[in-house]
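This report concerns only the one structure given below.
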Amino acid sequence: MSFALEAEGLTKTYGAVRALDDLTLKIPAGGVFGVLGPNGAGKSTLFRIAMGLVRPTSGVARLSGSPAGHASSLRQVGAMIETPRYPPYLTARDTLKMLALQSGARDVDIDLWLDRVGLSGAADRKTSTYSVGMKQRLGLAAVFFTRPTLAILDEPTSGMDPAGIQEIRELIRRLAAEEGATIILASHQLDEVRRVCDRVAILAKGKLVAEGQVETLAGRKPALRLVASPVAQVLELLGDQGALDGPDAVLAQIERHEAPALIRALVNAGVDIHEARWREADLESAYLDILQAKEPASAR
Amino acid sequence: MLADAISAERFRLLKDRGTLFWGVLFSPIAGLVMGVGGELFARGMMKGMPPIPVDLVGRMVKALAGGASPVVGLFVLILSTAVLAGDYRWETWRLLTPRNGRVNLLLAKLATVAGAVAVSLVLYALAAALGGLFSALTSGAPLVTYRGSAATDLLGTFAVSWLQLMILVALSAVVGVTTRSTMGALIVGLVLAALQSIVASQLHEPSLKALAIPAFSGDLLKTVILTPRSVVDTPAPWGLALAFLLAWLVGLSAAALALFQRQDLTRE
């Protein structure tokens, strides 16, 4: 199996802060891979190390088998690290031309790419006049226009309105399908990751806390939501398996086959059950559960 | 590749009209305006006197000899800090570093500034010649032939002034990379340029300490170039002066490259 990005024992410290803490992660080539984590989890640091912007304190990072940050590996990579910035005196067309020259890419069709990201009408406007969404779209064109085999997108919808997020999400999906590149996507938008990614890794405090297929991570903890009274009696009966979910509801972390017996027991105990519904665990709740646990573990 | 990085940097500079104007064109334009203004003023003061003959090449040589003054240095620093430290200001290193090696990126910037400084110096000299031509055409002053070796004097003063300005550029590269600030590089460069110029003007003997000051070495080299061999009593240590200038340029450029190569770009 070939890997697009490998990190082995990767550690990066800034003074007393450990941005990455002995991180080991292997991102397979092909498809769209999501990297999740709260602010300060180490996502951007991982990408900055991969792109040679930052040197690790210890450990090794590799891009497609070559040492990260080396010119040989970077030629095959396109990256958008955090909010894209551009020299303010350049237009979008000039920016892509300058980047093409810098990459030694002679045969790129700049007009085609400006059209693909919906910037044809603003191609000759200086990027300093662009909105956040337009800058993100230009950033995507800058990532993909040299046709890389690996694209790293760090928070590609950061700071955008819902319509803009939807637009960029569609664009990423389309480019992933049409260009066939491996895409590594870091995002706070869990819905975005669920819709776009095949596999995800969750980072917290610079460590890998979970990694696996989106469906596996998202669906691993279904729960029975009971709206009942008195709630205290339900919690008492469930013990460690119960948790409050609002003023009059309890989440029961039980297996599906245990539900009938639980409901029978509650009714026999005199509890009034107003509603009982399975809540399918989604990526968001799985993500929050994993972060709350804060114990590094593999979900593979 | 370095050639790709140089093409990209040259393209960028040609699009940055503000930097082009202040860093490349302003010194020649100001030189022309001041030359013509000075000519008109002098003519007003010397009414009734015959016009002074105009030596176009002499004017160009004089302009090139003074081409590394702190005033010209200020505008070269505007150019160099914009090119060398602009990517910290605009936070655009993240856009460039994934596309080319760091050494290539910084070398390309130095090469681009070197070319622009050369163009600016040539324009500065041409502006001086244009000022002379204006004087000759409007006052009827005769044009006279240059008395020295035109090619040697023009090329020599050009090369030495260019070298002196490039030392300033390399210094701004070191300060720009260290401070990640265009303003920091500009101010430090300007202060050091003025300081060395003042110190050099106080020194007369070409001791090792004096030769280590670029302004002193530069002035000594220009004097050697422009002084006829027949009037020289003792030969000046021009080789040592040139070696010092080259050592400064290479040393500062290497320091900037080494610092940039090792720099974390967490914060640009």
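Keep in mind that glycine also has a Cβ here, set from the backbone N, Cα and C atoms.
Heads up, TrEMBL stuff is auto-annotated, nobody curated it.
Model, not experiment: these values are computed from the prediction.
The following features are taken from TrEMBL:
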TRANSMEM  B:20-43  transmembrane segment
TRANSMEM  B:63-85  transmembrane segment
TRANSMEM  B:106-134  transmembrane segment
TRANSMEM  B:154-177  transmembrane segment
TRANSMEM  B:184-203  transmembrane segment
TRANSMEM  B:238-260  transmembrane segment
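Only pairs six or more apart in sequence are counted, and the transmembrane segment (B:238-260) with the transmembrane segment (B:20-43) gives fewer than three Cβ pairs under 8 Å, not enough to call it a contact. Residues 9, 12-13, 16, 18-19, 22-24, 26-27, 31, 106, 109-110, 112-113, 116-117, 120-121, 124-125, 127-128, 154, 157-158, 160-162, 164-165, 168-169, 172-173, 176-177, 179-186, 189-190, 193-194, 197, 215, 218, 222, 226, 256 of the same chain lie 6+ residues outside the transmembrane segment (B:63-85) yet bring a C-beta within less than 8 angstroms of a C-beta in it. The stretch with the most CB contacts under 8 Å to the transmembrane segment (B:184-203), chosen from B:20-43, B:106-134, B:154-177, is B:154-177.
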